[in-house]
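Now, the feature entries from Swiss-Prot:
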type     : residues : note
ACT_SITE : Cys112   : active site
ACT_SITE : His250   : active site
REGION   : 251-255  : region 'ACP-binding'
ACT_SITE : Asn280   : active site
Amino acid sequence: MYNVKIENTGRYVPDNIVTNEDISKIVDTNDKWIRERTGIKERRISKGENTSHMAIKSAKDVLRKSSIKADELDLIIVATCTPDCFVPSTACIVQDAIGATKATCFDINAACTGFMYALSVASQFIKSGQSKNALVIGAETLSKMINWQDRGTCVLFADGAGAAILTRSEEVGLISQYTCSDGTGGKFLKCDALPVENPYVSEKTEFLNKLSMEGREVFKFAVNAMIDSVHKVLEKTDYTIEDIDYIVPHQANIRIIEYVAKKLKVSQDKFYINLHRYGNTSGASIPIALDEMNEKNMLKKGDKIILVGFGGGLTFGAHLIQWN
């Protein structure tokens, strides 16, 4: 078995900044209401760029900083629940755009936990020897699945992409991982795809292709799932929460993060938070945050970092990584 590390990171967000004041012109809300309930001040919303466009730009960003070239990649995984199309996969579109001709490519849909799942899968490919260099991307255009008349969701979600290159390493980079799902709660966060319509269907089914969310149920699930994931990922090691330098949570809601910090008995200063600027970008939120930290030179060799997320499905999970 080989060791795996994150070799570098990248990100891309649309230029279009939508403030809470802008949202208040669309639905009955205001800046104070949004900030107090979510912690969000502004978010990035696409003016036409689709998921693959943002995924490609985040891929080019990480490749620009990496010592690994596109033709050295042998695996590309894109985590998204908002692909451009059913076929081809977003990963294949990225492959074509960056010239990664030797890569196996596929998408993963675990909603906001997608990047956690993709990291887990990519690391297993590398550990087993099947791959050496993997590009993992979380990319979402949530603005196209939002009901812009529903203030409970349209104030939260946004667009963006984050990327990381994983590579075989002599040093341990990905220390432990934990992923889990609870399909019984799938109805709490949902967006339909296409209805079954063909000459043999006699009755039309109810169909809603916009995101719906039961906020209270998602909150209860989220805080418990994140706390459980942190405990589970630490249980597999000799480390305790005191050994952790940073926690990078899914950037969903400041109240969730505050509650988790309190229950873990950890200072909120240990949590990297940027949701006030980007909103909830689903599977892109953790890699965007990680790249910001990397760009700011916050991460030092040997730092222990927990990445932890939750999302529709319901899905949840965490990774304990050591920065190399």
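Using N, Cα and C of the backbone, Cβ positions are placed for all residues, glycine too.
This view paints the features noted in Swiss-Prot onto the structure.
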residue : record      : DSSP (3 states)
Cys112  : active site : helix
His250  : active site : coil
Asn280  : active site : strand
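A Cβ distance under 8 Å defines the sequence-distant neighbours of the region 'ACP-binding' (251-255), meaning residues of its chain 6+ beyond its ends; these are 37-40, 112, 156, 219, 222, 273-276, 278-281, 285-286, 288-289, 310. For the active-site residues Cys112, Asn280, the ranking by surrounding Cβ atoms (within 10 Å, all protein chains) places Cys112 first. Asn280 (active site) sits 8 Å from His250 (active site), counting Cα to Cα. For the region 'ACP-binding' (251-255), the model gives a mean pLDDT of 96. On its own chain, His250 (active site) has Cys112, Thr113, Met226, Asn280, Ser285, Ile286, Val308, Gly309, Phe310, Gly311 as residues at least 6 apart in sequence with a Cβ closer than 8 Å to its own Cβ.
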